[in-house]
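**Q** This is the structure I have questions about; it appears just below.
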């Protein structure tokens, strides 16, 4: 009985398989006939299959290019190189640096503070010279032709000299109760970016007030000279550390020079030491005794932080008439500030630096001291020419 059942079951499954094969073959014939009819009647071409053909090697697929790494946006990209024709060397500070003193080294590589490839001048570590862009040394000797060019350009912008009434009118406009336009000149002196600030003020006013405090006030004549030399303006008033800078009669704000800005403050180069082991002309014992004696001398004056030091040089000259050693109390001042004060006194008085110990500046007048001849003081050449033109005396100018 079991054999009969198995045979019946096999026969039924065979019939089902035959029917399914017959239906599939009929469907293929219908589809082939339909596809042939569509191709003949409508010229139909089936689209390519989505799956890759077996003939193509899957390992030879095109690889996607790698995604570029993220770079944050920078203000240095896409900036064109600026060409400046200003007839002077670009320095960070014009009043606190001198081309006559050569540094003995640099504290950093010669990275231009104007940014990479932003200016057509090479940075030497001290300045960006205007004469030769391919300078191999840091010796900043300025071409005398540039000074003459600046003088002629300044005379062209200034025009005829101001009358006394015009000068008083400009000074009155720059008083504190009339305007808030002011340039603050601190321990760094007249910096390069400050020139751009002055031109921005001159766009809206004929004159601007300049407030000077700190170390640069020791030599106000130098400050006034560089203000007039670099901006082509004229200082028409001076009261202690407050100056009034006039732009000139023929000044045109639309033709103002373009000042490339420094993006950071460069490190100061290394200069020779101010205090030597022994003072020239003295032995080691005499130098030690003089330093000990100088610290015991009564202080001539005590300097305030960020104060006005314009009267310090005549005070030291008068003190040298009665004493060979002078001590100046600089307690509370930064070390680099009273060192700059000592360097300026050495050149202006002149004198010999003894020590900077205990925040004191001790100076010696020297063996063969001769009192310096009285000069015109803190008045710039423009003040002198103005006084001669108007028939004024220096006593009247001192009350400006």
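Cβ atoms here come from the backbone N, Cα and C positions, even for glycine.
Annotations in TrEMBL come from automatic prediction, not curation.
Feature table excerpt (TrEMBL):
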COMPBIAS  19-36  compositional bias 'Low complexity'
DOMAIN    160-258  domain 'CRM'
DOMAIN    280-376  domain 'CRM'
REGION    19-80  region 'Disordered'
**Q** The domain 'CRM' (160-258): mean pLDDT?
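**A** Looking only at the domain 'CRM' (160-258), pLDDT averages out to 93.
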**Q** What are the DSSP helix, strand and coil residue counts for the domain 'CRM' (160-258)?
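**A** Breakdown, helix to coil: 41 helix, 23 strand, 35 coil.
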**Q** Of the residues in the domain 'CRM' (280-376), how many are helix, strand and coil by DSSP?
**A** 38 helix, 19 strand, 40 coil
